[in-house]
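> Sharing the feature lines straight out of Swiss-Prot:
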type	residues	note
ACT_SITE	Glu132	active site
BINDING	His131, His135, Glu202	Zn(2+) binding site
TRANSMEM	7-27	transmembrane segment
TRANSMEM	30-50	transmembrane segment
TRANSMEM	146-166	transmembrane segment
TRANSMEM	177-197	transmembrane segment
Amino acid sequence: MFNWVKTAMLMAAITALFIVIGGMIGGSRGMTIALLFALGMNFFSYWFSDKMVLRMYNAQEVDENTAPQFYRMVRELATRANLPMPRVYLINEDAPNAFATGRNPEHAAVAATTGILRVLSEREMRGVMAHELAHVKHRDILISTITATMAGAISAIANFAMFFGGRDENGRPVNPIAGIAVALLAPIAGALIQMAISRAREFEADRGGAQISGDPQALASALDKIHRYAAGIPFQAAEAHPATAQMMIMNPLHGGGLQNLFSTHPATEERIARLMEMARTGRFD
């Protein structure tokens, strides 16, 4: 129930951002158009954003015949987590990473890059996929997918405001400085929403994944290895669609400054430390 409340609050917050930007571009008429657009985006995000994200990454669905070891691993972990079997996808990318998407556990999908399958041991890979299934079990996947879709739309509209300006309800041009301010601040506001939701969610998925696999040390080892390998291997699809970065088990974006400040993932060192403490104590609370 709490996740539904969070989802509703997220949609309301992003809708408010759309309305503010619409007001800057076109006054009261722009606000009305932005509201209608936001409602349409909310509907689209709920029903279709998972398909759109998988298409962005050119993810290919696999089964027991095309990727038998990986598919059986996901099925075994889903059974341990008491979850329906999700659809399973592979992404032809060297960068090691993985994510889950979908609107609920009955319509979930998990995806991993070919790079992560090469880099990690089977034990470490179990830890990663258990983490992704924890997102499914906690019903995080709808929130993360909606956030990714809406944040991308906010950035696009904000750029439109900066380059094309806007007019008030009387047709007069708005202050160009205000338009630039909206273009700069709206994506930051969207990033803050993503960050606030995503960081706590990653810790919970680490904990939940450790419970599902029964092996927190394996996930800790996987995170360390992904962190080291990913630093030197660009993830082209993620760089092209940065709003989806918060869906990944590890931040796939390269860069510093504001990008690090607004990172949607907690520090890898802290995640590893928490997992190692779970391994030491045998407690997952």
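Quick reminder: no glycine exception, Cβ is built from N, Cα and C everywhere.
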> Hey, which of the recorded positions Glu132, Glu202 is the loneliest by Cβ count within 10 Å?
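Ranked by other Cβ atoms within 10 Å, the recorded positions Glu132, Glu202 bottom out at Glu202.
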> Taking only the Cα atoms, work out how far Glu202 (Zn(2+) binding site) lies from the residue listed as 'active site', in Å, as a whole number.
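The Cα atom of Glu202 (Zn(2+) binding site) is 10 Å away from the Cα atom of the residue listed as 'active site'.
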> Measuring CB to CB from His135 (Zn(2+) binding site), give everything in the same chain under 8 Å that is also at least six residues away in sequence.
Ala100, Ile141, Ser144, Arg201, Ala205, Gly208
> What are the sequence-distant neighbours of His131 (Zn(2+) binding site), meaning same chain, six or more residues apart, C-beta distance under 8 angstroms?
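Correct list: Ala98, Ala205, Asp206, Gly208, Gly209, Leu219, Ile249.
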> Quick check: with His131, His135, Glu202 left out, which same-chain residues have Cβ atoms within 8 Å of the centroid of the Zn(2+) site Cβ atoms?
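Filtered neighbour residues, in order: Ala100, Glu132, Ala134, Asp140, Arg201, Glu204, Ala205, Asp206, Gly208, Gly209, Ile249.
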